[in-house]
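Data block below; observations after.
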Amino acid sequence: MTSSDSHRSAPSPEHGTASTIEILPVAGLPEFRPGDDLSAALAAAAPWLRDGDVVVVTSKVVSKCEGRLVPAPEDTRGRNELRRKLINDETIRVLARKGRTLIIENGLGLVQAAAGVDGSNVGRGELALLPVNPDASAAVLRIGLRAMLGVNVAVVITDTMGRAWRNGQTDVAIGAAGLAVLHNYSGAVDRYGNELVVTEIAVADEVAAATDLVKGKLTAMPVAVVRGLSPTDDGSTAQHLLRNGPDDLFWLGTTEALELGRQQAQLLRRSVRQFSDEPIAAELIETAVAEALTAPAPHHTRPVRFVWLQTPAVRTRLLDRMADKWRLDLASDALPADAIAQRVARGQILYDAPEVIIPFMVPDGAHAYPDAARASAEHTMFIVAVGAAVQALLVALAVRGLGSCWIGSTIFADDLVRAELELPADWEPLGAIAIGYAHEPTDLREPVRVADLLLRK
């Protein structure tokens, strides 16, 4: 058992006290400088500390004592330039920006404006960085107070930051030792018999915010003590308050999330060959088709028609006839029966997919030319336009969470497809698109290395 283990207490079923809590200022503290002994200064200023008190310290004081002050020019321009450099140095990733304001994640995992780089309550020739490890700083301060005063206290180190959804800033815990930073009510039942399913209270943040009412910002009162809370030490730290990575539903600001979505839209599309049975809302496909039809087309024409095979019997009959034709074609190539069966089986995806759409090129509005060369070029131009619309449809489906796979089979049976679907003779089928929710989650595609695929002249 470690020394810290011996001071841990059993968890309480309730984080609130239902009784009086006091918040006491710690007066008489000096102006701290690098190398100062914070524990000794607090012990001298607050010899009245008791077991169970929570000592709440503004992070700026800790930064000063730990030498996290950076010399800065006193002129506004130079000071601001250094501040921007320090913010960049402390930044792990940018979540959002508005004007010159940056909301970032720093090396501690904290998400806040300006990475915690601060020019308040320090000399004009300095800027302050956050403590390197606020949880460790809290633990050291707790041990120091125990050694000097013989008391078992909890310690919370705070910083000021804004909140999503709400105006204004509040103090939160960025370092903690000696108290349960979270209190989970999951499974508890209120007096009406309702189970509290997801309620988890950020106790350390509540303590931090409460003491700011005493500490303030201009009072030169960087430390306050909460008395009457009787905290439970479960070994947790302020790091347990951070929600990072996939658990964070607000990982980016709105503008940045939209930008990332635009950048990733193309990479979301990949060929999905196994689908779940989940039904697809018709509006999703209709909206995706509407977007796909904005693809570029020659002469302001509409050279694309999408035929949605919604009637099961129509789809099955068409696919059966295409499979028969495919077998005959392969047999005429003298392929063995097992090879033919294997090739034909690739078309099973069009039977199994929840939805199938066939894209057609229609030559409405195509220019007529007397020579074969220009007529062929005009035809190619219309084919390319359909290809653009097909790709646009696949991407539009992907951004709605729908998987798809383009299959070229109808191109090899154009007359048969037109006859089965009773379509005009100049409509050219250009494959088929299987659509559905992917059976397994899919990742973003990796961009292809350009290398010799992009030529420069």
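Sequential numbering from 1, following the chain as shown.
Note that Cβ sites are derived from N, Cα and C of the backbone, with glycine treated the same way.
Bear in mind that the values here come from a model prediction, so they are computed numbers and not experimental data.
As written in Swiss-Prot, here are the features:
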| type | residues | note |
| --- | --- | --- |
| REGION | 1-253 | region 'Coenzyme F420:L-glutamate ligase' |
| BINDING | LEU29, PRO30, GLU31, PHE32, SER59, LYS64, ASN121 | GTP binding site |
| BINDING | ASP118, ASP159 | divalent metal cation 1 binding site |
| BINDING | THR160 | divalent metal cation 2 binding site |
| REGION | 254-457 | region 'Dehydro-coenzyme F420-0 reductase' |
| BINDING | ARG269, ARG270, SER271, VAL272, ARG273, ALA297, GLY408, ARG445 | FMN binding site |
| BINDING | ASP329 | coenzyme F420-(gamma-Glu)n binding site |
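When the C-alpha distances from ARG273 (FMN binding site) to the binding-site residues LEU29, PRO30, GLU31, PHE32, LYS64 are tabulated, the minimum falls on LYS64. In the three-state DSSP reading, the residue listed as 'divalent metal cation 2 binding site' counts as strand. Sequence-distant neighbours of LYS64 (GTP binding site) (same chain, six or more apart, CB under 8 Å from its CB) are PHE32, ARG33, PRO34, ASP36, VAL122, ALA128, listed in sequence order.
Summarising the environment of GLY408 (FMN binding site), the number of other Cβ atoms within 10 Å of its Cβ, over all protein chains shown, is 10. Around ASP159 (divalent metal cation 1 binding site), the same-chain residues at least 6 positions away in sequence with a Cβ under 8 Å from its Cβ are THR58, SER59, LEU110, GLN112, GLY116, LEU130, ASP171, VAL172, ILE174. Classification of the residue listed as 'coenzyme F420-(gamma-Glu)n binding site' by DSSP places it within a helix.
The average per-residue pLDDT of the prediction over the region 'Dehydro-coenzyme F420-0 reductase' (254-457) is 96, rounded to a whole number. Counting every protein chain shown, the Cβ of SER271 (FMN binding site) has 14 other Cβ atoms within 10 Å. When the binding-site residues ARG269, VAL272, ARG445 are ranked by how far their Cα is from the Cα of GLU31 (GTP binding site), ARG445 comes first. Around ASP118 (divalent metal cation 1 binding site), a 10 Å sphere centred on its CB holds 20 further CB atoms from the protein chains shown. Every protein chain considered, the tally of other Cβ atoms within 10 Å of the Cβ of PRO30 (GTP binding site) stands at 9. Of all Cβ atoms in the shown protein chains, 18 besides its own fall within 10 Å of the Cβ of PHE32 (GTP binding site).
Annotation for ALA297 (FMN binding site): same-chain Cβ neighbours under 8 Å, separated by at least 6 residues, are PRO303, VAL304, ALA385, ALA388, ALA389.
For the binding-site residues shown (GLU31, ASP329), fewest C-beta neighbours within 10 angstroms: GLU31. If you take the C-beta of THR160 (divalent metal cation 2 binding site) and look for same-chain residues 6 or more apart in sequence within under 8 angstroms, you find GLN169, THR170, ASP171, VAL172, ASP212, LYS217. When Cβ neighbours within 10 Å are tallied across all protein chains shown, the highest count among the binding-site residues ARG269, ARG270, ARG273, ARG445 belongs to ARG269.
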